[in-house]
Structure formats: structure tokens, C-alpha cells
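Since the structure comes first, as C-alpha cells, the remarks are kept for the end.
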Amino acid sequence: MNAHPKEIWEQCLNIIKGETTEVSFNTWIKSITPISIENDTFMLTVPNDLTKGILSNKYTDLIIRSLQMVTSQKYNVKFLISSELPEEFLTLDTINEQNIKGSIIVSDEMSAMLNPKYTFTSFVIGNSNRFAHAASLAVAESPAKAYNPLFIYGGVGLGKTHLMHAIGHHILHNNTSCKVVYVSSEKFTNELINSIKDDKNVEFRSKYRNIDVLLIDDIQFIAGKERTQEEFFHTFNALYEANKQIILSSDRPPKEIPTLEDRLRSRFEWGLIADIQPPDFETRMAILKKKADVEKLNIPNEVMAYIATKIKSNIRELEGALIRIVAFSSLTNKEISVDLAIEALKDIISSGQSKQVTIELIQDVVSNYYNLKVSDFKSSRRTRNVAFPRQIAMYLCRKLTDMSLPKIGEEFGGRDHTTVIHAYEKISNNLKKDESLKNAVNDLTKRLDQQ
């Protein structure tokens, strides 16, 4: 079959998509980029070691089979990490198995501005950040055609910078000749000051106005700096009028940034404003599991659940706690457990700040204990693997909280208070004769006491 590797791969994707889950396809398969055909080997690039390992172990046979269906030829496949590509792949584009010289311009300066770990592939999507992620991806796919400017805001450590870098990586991946500049507002200000001091205003303006994409992190810090705001106002106008993409991040929406000039505030609101909220329990667990996978750490599920229930508002602190526990385990030569996690994190999680047991907390702990989602408790599912843990959770809510029966029922998908009574009585009676249930309830109660 005489076709470009990218054309072949596009057809393969249609086959592979039908044989994988949506999550697997979006997470692993879509991260692959075909680069060439060398003899009987189809060369594919992937973003990192983790992706390479997963694809090699789980999806090689499926990819080979899809290639054979599309081309009627049997190819081997080879995965290469994009950041470690041999030099020839940066200058060669193989078509119909013939090497044809091409010219791919990759700016080392632009790439150096971006953290290689901050990509869309490594970003964990949850309800708290889904909108901001979708907006960022739309901008990365079609710069200056989707939302301009894109303004992302949220608290410290929630993923704003990750999305900013991911946008930059994605744009450069799709168009290596694109001029992308990522900078913090502090650096922008310092460069402006130096340009004034050294009489290099022309060079400064050229750097920031003759580009295709400008990403400025923590834009709120230009507020109150008159000269910086003046310069950025004209930079913004120059880029916007030239149909260039602008992406800004802040810890608050434009209308809440004090001492920000109204003319800038209005421009920041021209495009799309997307917020990132603190992650919910499921997202916190997903973040920890992804971190453990990337770092190749073997962390018990209950330990990650402990971290996720204790640290709620900051992803960096969440990941930092995981690494702290691993380091503590290594230094003390103890196995990783919930008890070890409590000891390792006692300095950053005050025992005096133990929070009140709530219905939400009980749902989080019990659902995790039984490898379910909180949404399962609120669903209409009645299979034993869901119904029985739901009854245990209702029992604990009745026993450990002051909530009324109707309120408990409401929090479990709008169930009637009689359902809660039935669950409480059933678990109470079974506890008298079922030793394994007694152990489970005691374990759950202990975990809740440790919150």
C-alpha cells in the first residue's frame, strides 16, 4: 500500500478505537505519532517511558493487527520516546518506505521554556478541571480560532501551569515552526525593567510581539505596576489584532484582580474564562495513582485513600505527600501502610485538626474500601457488590453522624428514610453473627477516626 505513515495510522486508529475503551484510547493510543516506515518496521513516537511501557505490553499486538488490516502487510512496530529521537528522525520524513529529506525546525529556546512533564497526556481530568482542560485543548488544536484570549484561573497548585505548558507543547508538536513564548508575569516585568535600563525597548517589543502564541502565568502580579500594564496593553493589542493566540493564568478572575486597569480587565474578558476548582476525592485518587504509575511506586490503595482524604486543595501537596511517604518508608525500612503514612505526614497534617465525620467522608472511605465510586451509592444499582457496601455506609452515617434519616437517604440518591432504617437494622443484626463484617466495620470506623 503506497501511503504516508500518517495516512495509514489514521485508518488504524478507526480500527483500534473499536477495540479499546474510550479512556484507554484517549490516554494511550492518541498519544502516538507515526514518523516513518523503515523496511518492515512501523516507527511510532510516544511522549514518555510510562506510555512506551504500557503500549509495548498491552497494545503491540492490536497495533500490528490493525496495520495488517489496513496495508495487507505484516509490520513490526517500534516505539520511540519523542524527546529521545535519533537525529535522523528530526530531519527525515519517510514516505512509501523511501527517505525524503524534510526540514523540521524545532526551537530549543521555545522548548526549554516548557516543562516536559506538563502535557495533556499527564494531566488528570476530573469534574473540577474538565472545562478548563477542554478549553485548553481547543485552543491548542486551533490557536487564535477557538477562544482568544483564554483566561484560566484557580487556586495555587491546582494545575493552571500544567495546562499552560501542555498548550505550548501541543502547539509545537502540531507546528514546529510556530513561535511560542511562555513567561511568568514577574519575568515579563523584569525583562521590561532591564530593557528600559539598557535602552533595549525595541528588542523587548520584538520578542513579545513577533510571535504566534503568548502564554503568561500569574498575570495578576502585573496589577499595580503602571509601566508593566501599559506595555502589556500594547503587546496584547498587537498580538490580538494580528490574530495571534494569548493565554493567561491567574489565581482569580479578571473582575477580582485589584488595581488592574479597566482596559486590561475588559480585554481579559473578551475571550473565554475557565476556572479550576479543588479536585474531588475521585480525582485526587486518580492523581495519586497516576503519580505512582509514573514514578513506578507500589502504593497500597488504602494509603492513597488516606492521603486523598487528608489533602484536598493542592495537587502539589498531594503528590508531595506521596513522595514523602515513600521516602519515609525507605529511610525507616518499613513497609508502606496507613499507619506509616500517618507517622510520615504527622508534621504536615495536624492531629488536632481532625475533622468531623460527615456523610461525604463516610461515602468516600467506604466506596474506596470496596473499590467503588461514590456515584455507585447514589445510583439505582442493586447488585450485591454495590447494595451491601451502600447499606454499610448508611449504617455508619446513622451511627457516626447527627444527620436525620431523611437527610441520609437524600445523600444516597434521594432514597426514602425507610431504606436507611432497613440498612441500619440489617447491618446491626448481621454484625452479631458475621465476623468478617464486624472486622470490615471496625476497620472502616478506625479509618474514619483517623481522618
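Backbone N, Cα and C atoms are what each Cβ position is placed from, and that goes for glycine too.
Listed in Swiss-Prot:
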- 1-73: region 'Domain I, interacts with DnaA modulators' (REGION)
- 73-112: region 'Domain II' (REGION)
- 113-329: region 'Domain III, AAA+ region' (REGION)
- Gly157, Gly159, Lys160, Thr161: ATP binding site (BINDING)
- 330-451: region 'Domain IV, binds dsDNA' (REGION)
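Shown on the structure are the features that Swiss-Prot records.
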residue : record           : Cβ within 10 Å
Gly157  : ATP binding site : 17
Gly159  : ATP binding site : 27
Lys160  : ATP binding site : 25
Thr161  : ATP binding site : 20
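For the region 'Domain I, interacts with DnaA modulators' (1-73), the DSSP-based tally of helix, strand and coil residues reads 45 helix, 12 strand, 16 coil. Residues belonging to the region 'Domain III, AAA+ region' (113-329) score a mean pLDDT of 90 in the model. Annotated ATP site Gly157, Gly159, Lys160, Thr161; additional same-chain residues within 8 Å of its Cβ mean position, judged by their own Cβ, are Gly154, Val156, Leu158, His162, Leu163, Ser249, Ile276, Ile315, Arg316. Residue counts for the region 'Domain IV, binds dsDNA' (330-451) under DSSP, split into helix (H, G, I), strand (E, B) and coil, are 83 helix, 0 strand, 39 coil. In the three-state DSSP reading, Thr161 (ATP binding site) counts as helix.
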